[in-house]
Amino acid sequence: MNRMIKFLLILTVLALGLSACGQTATQQPTPQPQTIRETVTVKETVVVPAEKVTVRLSGWASSPAETALLESLLYKFSVENPDILVKYEPITGDYKQVLLTSIASGTEPDIFYVDIFWWLELAANDALLPLDDLMAASGVSRSDFIPALIDAFTYEGKTYGIPKDFNTLGMFYNKDLFDKAGLAYPTDDWTWNDLREAAAKLTDLSDPNKPIYGFCTPPDPGRFPVFVFQDGGTVMNSDFTDTTLDSEAAVKAAEFYTSFRANQIGAMPSDLGEGWQGTLFGKGQCAMVYEGGWLIPYLRDQFPNTKYGVVMPPAGPGGEGNLIFTVAWGISANTKNAEAAWKVVNFLTSEASQKAVLESGFALPSRQALQNSDYLKNNPNSAAIFNGSFYGARPFFWGAVGSDVNDQMAKALERIFKENQPVPEAMKQAAEAIRKAMR
Amino acid sequence: MRTRTDRRKWVDALNGYLFISPWLIIFLIFSLISLGYAVYLSFTEYNLLRPPRWWGLEGYRRVLEDELFISKALPNTFKYVLIVVPIQTFLSLVLAFAMDQNLRFQRFFRTIFYLPSVTSSVVISLIFIWIFAPQGIFNQITGLTVNWLDDPRTAFYVIMGMNIFTTSGTLMLIFLAGLQDIPLAVYEAAEIDGANGLQKFFYITVPMLRPVIFFVVTVGVIGCFQVFDQIFVMTNGGPLDSTTTITYLIYKWAFRDTRIQMGQASALAVILTLIILAVTLLQRRVIEGSGSGAER
């Protein structure tokens, strides 16, 4: 036993030694970046000797190009407003987790992204500043923005965030596969029947190593609700106090959505070994997918040879339906420089900045005025996704138990797909689990 | 004279504390204080946005009534421990025994077996995701078409297999050290009495290794009860909650849900600690108890 302890001691010493080695290895940055940083600070103090207000701004960093765009906008802002110093502190990793813990410790940034999916929890707990007075003071009106977007960030009659951009879902279709099947390209007038017929004709399972499915149906709560809306149903009731996932409209929508895979004219991305249907679309294994504008730059970078078009999702028996994904700039309720922070937010959501966002191709602008911009006229794919926001689109938001609603929707679909659970039973089970979580 | 030695002792003690202070400070701040705070939080309602509000045992009641905890996380965690711990203990013991013989390329094999243990669990998880993908190597070699990580019947077993694969190397090293502590004279005596290899293994090696086995099983049980990163990377608790364990549920309540329930998550963390404590004490009784019986 004694020797055993000795051995363990040696092990721990070794482990400590190892970790120490690891640290020295990581603590060896070349001295170059430091000198660069120094010159920057020197420059700034020389240019502006006057007293500066500092505001901190955070968001997640989804891509280097998007970060570069934001930085260029902030640079423009700093030229126009030398008295305000904006510190950009992007958060990598789990954004919401970092933001919430920084709010809990009182060290949150002055300005930060708030996602449609969970912003209300912040507003309801007084962590966000109502912006109406600041908006009125600088002549910004709610009607400048697309109604569905600004309404989505309104709580008890007050505006808590200025939408910075948005996405809806469009139906991406692979032109080569349509040509191969001898089918005419889809239009905005398509219906569920057209979708089903096209999916059947596009499916080609002759090559077991590269099966081609007409339509991909992921068990994804960010896709399926579109079908519920198109069937005249909803996910939640109007004040988010109950779920309507076990209503007839929702059950029928689920039956339609899961029928593609059941009839072997559709598949889950995981059936084909991918986590995301965007990759399968690029590879030509899913002929049609419902995705947002984010797929456009992805295809440009990863699959430049895939020829595709985008139309609005085909209408169902209840008409058009779509989901709105949007992110807003929010200001912390504890900020000491509310006016400076508002100036930054106002600049970033101004028409000029929004135009830069639009032309970069990442996301769509939240300002109504840009509806008739040349960019949208020349880019029908982006225009289809922009216009989606006007046709039966609802925000991707399910109230305080949103993550439970999402989980239950995904699980209901998975049970139908993987365990052949009857659709009405699956939806009923999901609805009951959500009601339990609400209590 | 007396004050002098007293002072000496003081200085010695101070020196000692000085030497352990780097560890001690880190332990106090990041372990003991946060541990105490977590226990406090378990009696509160806390969503990170408003200050914690005392609500006594309500969090514990909610945990014990939670369906996901009762029907998935709790049984899954016990299933994980009951399958992984015996296999990894037995496997590493056999590996250590084999490595203790004078084999050729012994060092090479030791390195190979230990390699998975020093690799980051996230990296290994990613490798396993690719191996067990529908078109992955495993399906191609075996000719199967199972979607391992997306099938509620198989996903958990893949994670178990991966954990056994990664931890067996470390446990093997510990066993190896234990094996080298066994005096050769005992084996020689047994040989004179005519014991064969198998008998030597079961009647000398295993009993002599009892304290090491206790250590390995205890460390294994604690590690298995806390399994998290592999699940976080590979399945996120899915498909259909088949890989949701207690630690993953804690994470889900504390950070992932729209409505943050830090108090309830802390309550579950305390419950997990109590479970581990109880199981470890039970183990000690079983292993040490049976040990003294055999020696008599």
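Positions of Cβ are set from backbone N, Cα and C atoms, glycine also.
Here is what TrEMBL says about this protein:
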DOMAIN    B:74-283  domain 'ABC transmembrane type-1'
TRANSMEM  B:20-43  transmembrane segment
TRANSMEM  B:80-99  transmembrane segment
TRANSMEM  B:111-134  transmembrane segment
TRANSMEM  B:154-177  transmembrane segment
TRANSMEM  B:208-228  transmembrane segment
TRANSMEM  B:262-282  transmembrane segment
Suppose I define contact as three or more CB-CB distances under 8 A, residues 6 or more apart in sequence; do the transmembrane segment (B:20-43) and the transmembrane segment (B:154-177) meet it?
no
Tertiary contacts of the transmembrane segment (B:262-282) (same chain, 6+ residues out, Cβ under 8 Å):
38-39, 41-48, 52, 55, 59-60, 62-63, 69, 81, 218, 221-222, 225-226, 246-247, 249-251, 253-254
Within-chain partners of the transmembrane segment (B:154-177) [C-beta distance under 8 Å, separation at least 6 from its ends]:
76, 79-80, 83-84, 87-89, 91-93, 95-97, 99-100, 110, 113-117, 119, 121, 124-125, 128, 132, 146, 148, 209, 212, 215-216, 219-220, 223-224, 227, 230-231, 234-235, 238-239, 242-243
